[in-house]
Amino acid sequence: MDIFQALFLGLLQGLTEFLPISSSAHLILTPAFFGWEDQGVGFDLSVHVGTLLAVVLYFRRDVFGIARDGLISMGQRKIVGQGALAWYLVIGTIPAGLAGLALLDMIDNELRGASVIFFTTLVFGILLGIADWLPKRQRTMDSLNWKDAVIVGIAQAMALVPGTSRSGVTITAGLFLGMTRETASRFSFLLAIPIIVLASAVKLLEVATSDVIVDWNGFLIGGVTSFLMAITAIHFFLKWLNKVGMWPYVIYRIILAGVIYAVLM
């Protein structure tokens, strides 16, 4: 992997991980479009770590408060502060974790083609637009319950299929449940933390137990660029959220689906 490829893919991962446009679709399609070889599991690990550090740093106060109150709630056997939210994040992670263990090989082998990504990019983009268009979205973080966590968690599991977009489908589910844009987005981003930790652990195990030779230059470039781009993307996404809504991302997904159909199908 040359420096340009590592830089480009790191920036791309950081930009697309938290925007509702699917990072996996972009990381699959871009090498195919440019004729690049697969970036390798070591690079995948680096960009996962970069985006994980970005979301943890950006939401550091939330993360600290949720972790603290979750541990206190466990010790006292009653909900304290944000202890309930800690449990909702655990509940919301379980469906994707189980689906990943059961279906990841099948998804990697059979659901990474252009036709699948075209379908998921288009259909889930339209669903995001419909969810954003619906009125009466007034629910805040304080109103969340375990049923919301289960539904959003199931939606997150669907994002194992490339093109769906983890942030996109979880925000869509939140909006359909009546959450405000900010609530749906913040819950989605917080829910990303445990799932990225799990994904990073899987990649780390794969690196540690195989004969993979890690390109450390690419690893460093990918990790740093994905971190910087991800924290920037989160900031501006939330800053502009109520001004522009989800429609720029919906339109982009429709255009991207058209490009996939025209060029790769």
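Just so you know, glycine gets a Cβ as well, placed from its N, Cα and C.
The feature transmembrane segment is assigned by Swiss-Prot to 1-21 (among others).
What Swiss-Prot records for 39-59 (among others) is transmembrane segment, and it gives sequence analysis as the kind of evidence.
Annotated transmembrane segment per Swiss-Prot: 84-104 (among others), in sequence order.
Annotated transmembrane segment per Swiss-Prot: 114-134 (among others), in sequence order.
Packing against the transmembrane segment (144-164) from elsewhere in the chain are residues 22, 24-25, 28, 84-85, 87-89, 91-96, 98-100, 103-104, 107, 111-112, 116-121, 124, 170, 172-174, 177, 179, 183, 187-188, 191, 195: each is 6 or more residues past its ends and has a CB under 8 Å from a CB in it. Summarising the annotation, Swiss-Prot assigns transmembrane segment to 144-164 (among others).
Among residues of the same chain six or more beyond the transmembrane segment (187-207), those with a C-beta under 8 A of the stretch's C-beta atoms are 17-18, 41-42, 44-45, 48-49, 51-52, 55-56, 58-59, 62-63, 66, 85, 88-90, 92-93, 96-97, 100, 141, 144, 152-153, 156, 166-167, 170-171, 174, 179, 214, 234. Marked as transmembrane segment by Swiss-Prot: 187-207 (among others).
Per Swiss-Prot, transmembrane segment is recorded for 218-238 (among others), and the stated evidence type is sequence analysis. Using a Cβ-Cβ cut-off under 8 Å and counting only residues 6 or more beyond its ends in the same chain, the transmembrane segment (218-238) has close neighbours at 1, 3, 5-7, 9-11, 13-15, 17-19, 39-40, 42-43, 45-47, 49-51, 53-55, 57-58, 182, 185-186, 189.
What Swiss-Prot records for 244-264 (among others) is transmembrane segment. Among residues of the same chain six or more beyond the transmembrane segment (244-264), those with a C-beta under 8 A of the stretch's C-beta atoms are 19-22, 25, 29, 32-33, 114, 117-118, 121-122, 124-126, 128-129, 131-132, 168, 171, 175, 181.
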